[in-house]
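These notes concern the structure reproduced below.
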Amino acid sequence: MFMIEQIIFIICLASVGYIAYKRIRRIIQNIRLGKDEVIKDNPSQRWQNTLLIAFGQKKMFDRPLVGLMHFVIYVGFLIINIEVLEIIIDGIAGTHRLFAPILGGFYTFLINFFEFLAVGVIVVCAIFLIRRNILRVKRLHARELTKWPLTDANLILTFEILLMLAFLTWNASDTVLRERGVEHYNIAGIGSFWFSGILSSLFEGWDTTALVVYERFAWWFHILGILGFGIYVTYSKHLHIAMAFPNTYFARLLPKGEMRNMPVVTKEVRLMLGLPETTNGNSDTSVSTESADATPGRFGAKDINDLSWKNLMDAYSCTECGRCTSECPANITGKLLSPRKIMMDTRDRMEEVGQQIESGKEAFTDGKSLLDNYITREELLACTTCNACVEVCPVSISPLDIILELRRYMIMEESSAPGSWNAMFSNEENNMAPWKFSPSDRFNWADQLKSGQ
Amino acid sequence: MSETINFQVPTMAELMARGEEPEVLFWVGCAGSFDDRYKKVTIAFTKILNKLGIRFAVLGTEESCTGDPARRAGNEFLFQMLAIQNIEVLNGYNIKKIVTACPHCFNTLKNDYPALGGNYEVLHHSQFLQQLINEGKIKLQGGGEFKGKRITYHDSCYLGRANDVYEAPREVLQALDAELVEMKRSRRHGLCCGAGGGQMFKEAEPGNKEVNIERIEEALNTNPNVVAVACPFCMTMLADGIKNKEKETEVKVYDLAELIDRSL
Ligand code: SF4
Ligand code: SF4
């Protein structure tokens with residue numbers, strides 16, 4: 001009996017490993033569809049950000065209550081997964097609670113602590129479900145959060161509750177079996193568990209065979225659930241549980257106001273102005289995705305392969321929490337733009353291209369693109385470049401960077417600016433100011449002052 | 001004291017001809033040069049520089065737009081044309097230190113120009129004024145015009161989030177001995193006035209409200225006597241908002257430089 005169970009377990013584990021491997025490889029390849037960008041500067045600052053913002057969840061505490069609740073799930077999941085290690089070894093070796101004799105009294109403490117966290121996770125997930133579906137918190141409802149994204153969020157929360165319930169009832173049924181001294185379960189030295197102890201009374205009346213069946217069911221449900229969850233996550237906004245860490249590490253350190261330079265343009269402009277090609281500019285401190293000598297591809301971005309790999313990593317890291325959108329001045333005043341949607345669109349387009357590659361087709365031959373098929377010009381034009389979205393994102397995403405690259409494509413490749421912008425451009429070109437004033441009048445403001453008001 | 005001063009606005013060309021170098025270049029910016037309302041701010045700041053005897057200069061007609069609106073709108077060619085020409089002028093005069101009353105100019109000169117060969121120490125006038133206050137060079141007359149008045153400060157995106165300058169403008173306001181009241185969304189969470197990223201130069205996209213109206217409502221909720229700004233675009237947007245709410249007699253929009261100049 002145990003042999004068969006072990007074999008099934010190993011097969012499950014191996015298949016999950018294989019699926020996960022393929023999926024992770026796909027994600028990495030999708031991110032690599034983006035342009036090269038060297039991000040190597042200042043590793044100590046980067047580690048510090050990763051520690052504070054990703055591990056320490058610093059920005060989540062901008063909203064202290066939600067931050068705390070999210071922290072419970074985060075810590076719960078991180079720590080309860082230590083238990084998964086024992087479960088996997090037990091599953092492979094056919095043992096039961098292998099760590100108990102080794103850890104002695106500490107084992108009882110550990111399981112109690114896990115149970116405490118599990119209860120915390122259940123409570124918080126329930127509150128989150130209520131906030132999302134009954135209280136209908138505004139930030140969690142938007143035109144981009146219908147259909148799959150809405151189901152995704154609810155599925156995850158429900159699933160987390162079920163997993164934790166399986167863990168608790170597994171401990172409860174196991175405790176009864178241990179107390180009855182049933183063989184394989186009768187491990188000495190395990191103390192009582194607080195929370196599952198309460199649940200044990202539910203199982204006391206059961207006969208031993210039924211108990212064993214339930215114990216096995218809960219054990220399998222819990223571990224297969226976690227493994228399945230691991231795969232599911234890679235298709236979901238919940239990928240942030242992994243991506244938040246590298247994404248924070250690679251987040252830009254420059255002042256938010258600085259825009260990515262375009263060396264190809266610099267080269268051309270200097271040529272036009274009759275200036276020597278080189279400058280003493282410290283361009284190595286600035287972000288740019290191309291070197292000046294690279295064959296100029298597109299100006300700006302029309303599709304995901306025109307964006308930097310970091311923009312694409314951003315898209316896989318987005319949790320769809322909508323903090324960005326809730327602080328976006330354009331969105332607040334009813335415009336179409338939602339920075340969260342920019343990230344979701346980028347990710348959807350990336351997945352679409354990835355699937356083409358997966359099915360053996362050549363990428364980017366479907367006649368679609370991120371601009372127009374996903375993100376409209378009306379959205380792009382509404383951005384005030386205020387950086388509110390960038391500032392507030394808990395996983396250091398920049399929706400603004402993508403918006404600006406798409407705008408560059410619109411203006412530089414298509415010259416499709418609104419009329420009033422074209423007028424501004426021509427003023428800038430002819431009058432060196434965005435308004436139609438003569439450059440020779442630029443200093444007139446001082447006349448009044450010099451004449452003693 | 002201001003009546004006795006003979007105000008000077010030296011240009012770099014004049015200084016160069018005299019073989020002098022200024023302590024700091026005052027970058028006026030397009031709004032500061034052409035916008036009727038913001039010209040008052042330029043004049044106020046020039047007066048402060050004069051009153052304190054700071055050796056400054058301006059570029060006068062040699063200044064061009066930094067290119068910020070073009071760059072944020074997506075027109076990189078136009079931006080770099082303007083930027084590189086400005087850098088030629090600035091480097092030609094061997095400029096080291098720049099102060100400007102426009103956060104957009106500030107951001108572009110400070111962050112966008114280095115990659116194009118323009119490296120300067122760039123200060124926003126709020127930082128410049130704060131330094132002068134800290135050094136004791138600005139001494140405000142006790143019981144000035146704004147003492148005890150309720151002032152709310154609107155964070156400019158290009159000063160705040162773009163460059164993490166949140167405290168300097170507030171410290172300047174504190175020197176006025178006024179009552180500083182914060183809006184609900186301030187500092188990192190400050191709400192944009194709606195003008196950045198080229199919005200100043202086009203109609204807003206369809207929506208259900210103008211951004212400046214949303215912002216001025218929030219500002220008015222603090223019952224201010226003065227809405228203080230540190231940016232020409234914010235100035236326009238919020239002043240328009242106040243007109244829209246027909247509050248222009250009760251609530252004034254002032255730039256930091258005006259507040260300081262009037263109390264100096
Ligand atoms: S930068 Fe653009 S997208 Fe981001 S919050 Fe501001 S207006 Fe919205
Ligand atoms: S971009 Fe950041 S703030 Fe916006 S929804 Fe995604 S994770 Fe949340």
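Note: Cβ is positioned from N, Cα and C throughout, glycine not excepted.
Per TrEMBL, the listed range annotated as transmembrane segment is A:184-205 (candidates: A:184-205, A:250-271, A:316-337). Broken down by DSSP into helix, strand and coil, the domain '4Fe-4S ferredoxin-type' (A:309-339) contains 19 helix, 0 strand, 12 coil. Residue counts for the domain '4Fe-4S ferredoxin-type' (A:373-403) by DSSP state, with H, G and I taken as helix and E and B as strand, are 16 helix, 1 strand, 14 coil.
Within the chain, the transmembrane segment (A:109-130) has long-range Cβ neighbours (under 8 A, six or more residues past its boundaries) at 69-70, 72-73, 75-77, 79-80, 82-83, 103, 154, 157-158, 160-161, 164-165, 167-168, 171, 190, 193-196.
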